[in-house]
C-alpha cells in the first residue's frame, strides 16, 4: 500500500499526470508531464505536441493539476477535486459548448452563460418539475434558485432576495424576468390572476424606457432595478414594488457609434403612422432627430419597433395608465426629441434661437409652454448679485449643454413617474406577510474611457461583493458547525478598504461633493485634491502619464477613471429659469410632474420609491438652495438596498457573456475569465478551496474506494469506521481531511490523489489478471499447436495412402473405358447404315399411302353433296303445303270470332250484366294487391339476396370452371404434343401398315386448334376478371381513403373533446373560486344560475325555454349522439373561463370540420351514385325491409311467448312451438293461395284461350277491371300529391318560424349584451352563445351519423334473422334457447330481494319533499354506507322518483327533482370532492349510473337493444331528458377530473423513488460526484425515504383498482383512469430524468427498464388494455436509449428507437449521459450532432413518427395533459321493481314504493 503524507505537492507530479499551463490564445491549455518531477525544470508536452520545460522555483510555480476525466462536466464547480481558475474555466466551457448547458452551480452561486438562442427550458412544465425539489437534486437552473428562495420563505418565514449581476449583454434582465415568472406561477394559481399579469407586464414597460442597444447588447439595461414581490399568509402573490438605481441619463442626449437611445424613442417614431396615440406629435423617422441618430444604428435586426410599441401600450393599459396619461407621456417624449433638434447659434459670449424654429414650436405646443419664454431662457440665464439681478447670455456651447440638461431632467422625471405609476398599480392595501426581492443590477464595468457612471456601478459592485463574501463565509462556517468539524479562520479578500476609500470622510465621494459646492470648482482641482488626500489608501494610485485621471484597485481589477465630467454629472445642474418656464405649462400633468420634483416630501410614506439620477432644485427667485448631489443620492439608496439585502437570505446568479459577437454557444475564454474574476465566482472557489471543498458521504466513499482496503479492514454495518481505516492507510496527514457526522471533508486535491491511488491499484490488479490470463492463453495455444501437429502428421500419411489407391483405381477405370468406347464406335457405324435404309423405305411407302387417301376423300365428298341436295328439295315442298293449309284455317276462324264478338258486345250493354261482373271486383283486386305487396315484401329481399348470391356463386363457379378448363387444356395440349411426337415416330416406322393414322393425325390437329381457340377465350376471360379485380382494388383503395378521413375526423373530434373538457375543468375551478370569494364577503352576490327546463309531450306548439328546452319524445327528429361502443361527452354547457379569442378559434376549427364532413358526404354520394342499383331497386329494397321488419317482429313475439311458456311452466314448450309452427304453416298456405289467385287474374290476359267462347267472355271482364284499377290508382296518386304539397307547405312554415325565432333570439341576446357593463359579462354571453350554437351543430351532425349506423345495424339484424328462418325450417329445436341463457343475470346484493307483491319500479313522494330526498341521498349519504349496498343505488332511487313524475306528467316536479340533484351534487363536490377521494368516486359512479339509466329508459331505440320487455315498458312516456343527460355528463367529467387529480397527488411522491431511484440490486455502480449536499431547502418534516418504493407503488395501484371496483365504477372508465395515471407516472419520471445528470448512465437505464417492467407485468395481471401500457412508452424508450450502444454505426437504430420522444428530449438525454466509470468512453459531440441531424430528417419526412400526446416541441412532458374521457353506454340488468330502499338511507318516510 502506497502511503502519502499529503503535504508535499511534488508527489502528485509524476509521469503521465496532466496539468494546466498558460496560453495566450486559450488562457489555459492542457499538458502532460513527461517524467516524474524531482527538481526544476519540469518537462511537459502540451496538447499541440510541443515539449516545454518549466522552471520551478517553489511549490507555487508548479502548474495547476487537471481533474480526472470522471469529474469533468460536473453540475457544481465546488465538487471538482482541484479548485482553481483553469478547472473552473474548462468545466464551464465543456458544459456550454459540448452539452449546450448554460447553468452551472458554484457553491451557492448559479453561473448563467448567455446562449444567444431561445431554449425550450422555461415553460410551465419545467417550473412545476422544479417545484418541491431541493437545490441540487435536479440539473442547475434558475428555477432551482427560485424554488430555493420560495421554499425557504415558506419554511423559515424569512424574506428572501435574488441578486442577478453581470456585465451588459450577459442576460441579467432575462434571468430576472424568468425568476419573477417562476414566482408568479408558483405563488399564483394555475390561471394567472390580475396581480401576476401586472407583475409580468411591468417588464416590457421598463425595457422600453430603461433599456437601449449598446455595442455589447441589443437590449442592455441602463439602470438598476430591485423588485419586491409581496406574498400573503398563504404565500400567494398579492402585490409588488420596484426601486430603480442610477438611470443613465446621458444616453438621452448622446450615443456612441453602434448604439441607440432608449427603445421608447424609436418605438414612437416607428408607430407614428399606425398608432393614434402618437399620430399627432409631429414625429418623423428616427434619423430625423439628433437624439436618435448619433449612434447610426436606428434598427435592431429581428426586432420590430412597431410591435414592441404595441406591447408597451398594452402593458401600460394593464397597469392602469389611462389614455390621457399615456398621451401626455408620449408628448413629453416627442418634446424631448424636438428639443434636441432646436438649433442654437452664437459665439463665445451669446447665442440665440430663430423665431421660426419649427422644433421649438413643436416643443412648446406639445408641452403647453410659452414659446418666447422658452426661446429666451434657452439662451440666457439670470444672475443675482446682492440686491441686483441681471440677465446674461450664454455661449453656444453652454446653451447647448443647458438644453441637453433640460432634456435629461425631463426624461428622468418621466421615468420616475412611470415607476411610481407601476408601484401604485402593484401595491395592495392589505399588509403583506413576506417578500422576495429580485435585484437586477449592472456588473463590474471597465472600459477604455471610464467616467462617473462606471465609478458608481463599480462602487455598487464593491458593496455587493463584500456582502457576498461575508455570506459565503457564513455558510461555510455553518456547514462545518453542523457536521462537527474543527475549523480555523479562513482568510478571504476583504474589500472594506476600497469601500472606505470611496465613501468615508475625505473619501472620493466626500471630496467630489465638496468640490461641487465650490463656486470655481473644476474637475482638475478635484483630481489634485484626490492626489493629495487619498494617497494613504493602497487601493488608490495616480497614473504616470496623466494629471486628470486616477486608478482604483477594485476586487476584480484595476480601473482608471477620467475625472473630466465628474462634477457636471454629480451636480446634474438645470437652469432654474428653464424649469420655471416649463412649470408654468398649460398641461396640468406636466405641472404636477415637476411639482413632485420640487416637493419630494409628498412621496409615499410606507415605502418610498428611490428616484436616483435626479434631485430637487430651488426656486428661481430666491438664493441657491442646498441640494443633494447624484453621488450622495446614490450612496443613500445603495445603503438602503444593502440594509434590505442584509435583512433577507440572499441567493446569487452570476451572468456570463460568452463572446462579444453574440454567437450562439461560442465560448471565448478571455472574455469569460475576465467576468469570472469580476463577478466573484473565483473568489467563491478560493474560499471553498481554502477549507474542505470535497465532501463525500460515508456510503459513497466506501462504495468508490473499497478497493484501497483489505477484507480485514472492512467492518460490516459501520461505514464510518471502515472509511477511517482506509484514509489513515492512504493519507498520513490528518489535516488533509476531517470526519463529520455524515460526511468526510477533504482539502483540495485529495480526491484526485485518491483517484490516482485507486487507478494504480486497479492497474496492478489488471496486470495481475493479465499475467494469469496470458499464461493460460499461451499454455492453451501450445497445447492446440501440438495437437494440430499430430493431427497434420496423421492426415498426411493417410493422404499418401489414399493417393496410391486412387492411382490403382484410375488405371483399372481407363482399361474399362477403352473397352466400352471401341464397342460403341462399331455399333454406331452399324446404326448409321441401318437408318439410311429405313429412311428410303419410309419415303416410298408414304408416297403410296397419301395417293390412296386422296382418292378415298374425293369419293366421300361426292356422296355427301348428293345427300344434302335431296333433303333440301323435300323440305321446301313440305313447307309450301303447310303454309296454304294455315291460311285457309285462319280465314275460317276469323269469321267465327267476329260473329262471337258481336254477340258478346250486345250482352255487355245490359246494366245488370255489368253490375254482376263488377260486383266486389274492385275490393277483391285491392285486397289482392295488398296481399301481393305483403307477400312480395316477405320474399323479395330473400329472393334478391339469393339471386345475388347464386349469381355470384355461378360467376365464381364459372371462373373456377374456366380456370380448370384452362389448366386441363394446357395439360391436354402437352399430352397432344407428346402424342404427336409419338405418332410421328410410329408413322415414320410403320407408314405402309398404318395408313389410317394419317386421317387421325389431321383430326388431332383440328382438336389442337380448337383447344388453342378455347385457350385464347379463357385468357380473354381471365383478362376481364383481372380488370374487374383492378376496379375492385381501386374501389377498395378509395374506401380505405374514406376510412382514413373518418379516422382523422375522429381524432379531431377527440381533440375538440379534450379542449372542451379542459374548459370544463377551468370553469369548475373558476366557479369554486367565485363561491369561496362570495363566502368571504359580507354581502355575497349570487351567481347567475340557469334552471333546467323540460317540455311535455303531446303538444303541437314549440316552447322556447332559453338554455335547456327539452324536446318531445313522440318524434324521431332528435336522437342523442351515441353508439353501441359508447357515447362521447359533447359540449353543450357553457363555461365562462376563456376569452372570445378561444371561441373564435373553436368556431374556425368547427367550420373546417364541417367543410371536411361535407366533402366526405359528397364523396359518399358519388360512390352511391356509381352503384348499379336503380331507384326501382331501392324501392324494392325498402318494401323488402318493411316486410322483413314485420316478419321479425312476429318472430320476436312468438319467441317471447315461447320463453314465457318455458319460464312459467304452464304449457309445454313443445306444444307452444308446434302451435306457432301450425299457425305459420296456415299463414303461409293462405298467402300462397291468395298469391296464386292474384297471379291468375293478372296473368290471364296474356294466356291463350283454348275455347273461343271463353276468350270472349274474359276479354270484357279484364277490360273493366283494368279501367277500374286505373281510376283507383289515379285517385291514390292525386291524394299522394296533395299530401306532399301539404307537407312541403308545413315544412316551409316551420322553417320560417325557426328563422323568425332565431332572429328574435339573436335580437334579444344583442339587447342583453348591450345592457351588460363589464367586459367579463360580455365575454360570458358571447361564449355561451357560441358554445351553444357549436353544440347544436355538433349534435345535428352526430345525429345524422348515428341514424345511418342504426339503420345499418337494423338491416344486419333483420338479414341474420331471415337467414336463420330459412336455415331452421326443418329443425324446430333451434328456436328453443337455454332457460339459463334467457334469464337476466342479477347480482345478489343486500338491496335486492324477491317479494310476492308486484311493484311498478316507481317511488311516490309528496310535492315539496324533493330537497329532503336529494339531501338525504347526496349530502348525508356516507361512502362507508354506500359501499355496502348496490353500486349506484342512489341513482336508481332518483330515477324511480323521476318515473313517478313521468307517470303523473308533472313538469314542475321533474324540474325540481333534477335541478336539486344537480345543484347538490355540485355543492358536495366543491366542498368535499376536491379533497375526499371516496366522495368523488362514489358520486362519479352514481352520476354515471344515473346517466346510463336515463339513456336506457329514454325510449330511444339505440339504447333499448339490451333491454327486457319489462324495461321497455318502464321507459319514460312524457318527458325527453336528453339535455339533462348532457348536464350530468359534464358533471361526470368534472368529478372524473377531481378523481384523477386526487389519485395523481397520491402517486406523485412514489414516482421518482419507484421508477428512477429504486435499486433492485441489478447493478452496483457508484457515480463519482464528490459534491456536497445541496438539499438546503428540504426540511425534516418531509419524512425519510420510502423503504420499498416500487412495491409501495404496486400496492397503491392495487388499492386504487380495488377501491374503484368496490364502488361500482364502470370498467371502461377504470381503464381510462389508469391510462391517465400511467401517463402521469411516465411524465413525472421522464421529466425528472431529463433534469438529473446522475441518473443518465447505462446501469441506471437498465434499472429503470426493470422497474417499468414490473408495472407492465402488473398491467398484464390485471388485464389492462394496451392503451394503458402504451402510456409508458416515452420513459421506456428513454431507458432503452441509456442502455443502447452509442457509436456512429448505431445512429439510425438510435433514432428509430425513440419515435415517442422529441428531438429535444433525445439530445438532452445524450448530453446528460455520463460514463458509469472511467473505463467507459464519453459520448463524442459529433455523435450527438449526427443523431440530431438524423432525427430532424426523419421528422421532416414524417416517416413512422407520431408525436406522443403531451410532448409537443418542449423539452418536458406536460404533466397537466389529460386524455379525452369517454363514458360508454353501460345498461343495467337490475330490475327497478326489485329494488328496496335500505333503512340507512333515511328516506323511507319520504317515499313509497308503487
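Here the Cβ of each residue, glycine as well, is placed from N, Cα and C on the backbone.
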Which range of 1174-1195, 1196-1217, 1218-1239, 1240-1261 is region 'Disordered' in TrEMBL? It is 1240-1261
Of 1266-1293, 1294-1321, 1322-1349, the range TrEMBL tags as coiled coil is 1266-1293
Checking 569-591, 638-660, 661-683, 684-706 against TrEMBL, the stretch recorded as region 'Actin-binding' is 638-660
Checking 911-938, 939-966, 967-994, 995-1022 against TrEMBL, the stretch recorded as coiled coil is 911-938
Counting across all protein chains, other CB atoms within 10 angstroms of the CB of residue 172 (ATP binding site) number 28
Residues sitting within 8 A of the centre of the 166, 167, 168, 169, 170, 171, 172, 173 CB atoms (ATP site), not counting those, run 114, 217, 220, 221, 443, 655, 657
Across the coiled coil (1266-1293) the predicted model averages a pLDDT of 66
For residue 170 (ATP binding site), the nonlocal same-chain Cβ neighbours (under 8 Å, six or more residues apart) come out as 112, 114, 443, 655, 656, 657, 675
Looking at the binding-site residues 166, 169, 171, the one with the fewest other Cβ atoms inside 10 Å is 169
The number of other Cβ atoms within 10 Å of the Cβ of residue 168 (ATP binding site), counted over all protein chains shown, is 18
CB contacts under 8 angstroms to residue 173 (ATP binding site), restricted to the same chain and 6+ apart in sequence, sorted by sequence, are 203, 207, 211, 219, 221, 440
CB contacts under 8 angstroms to residue 167 (ATP binding site), restricted to the same chain and 6+ apart in sequence, sorted by sequence, are 216, 442, 443, 444, 445, 655, 657, 675, 678
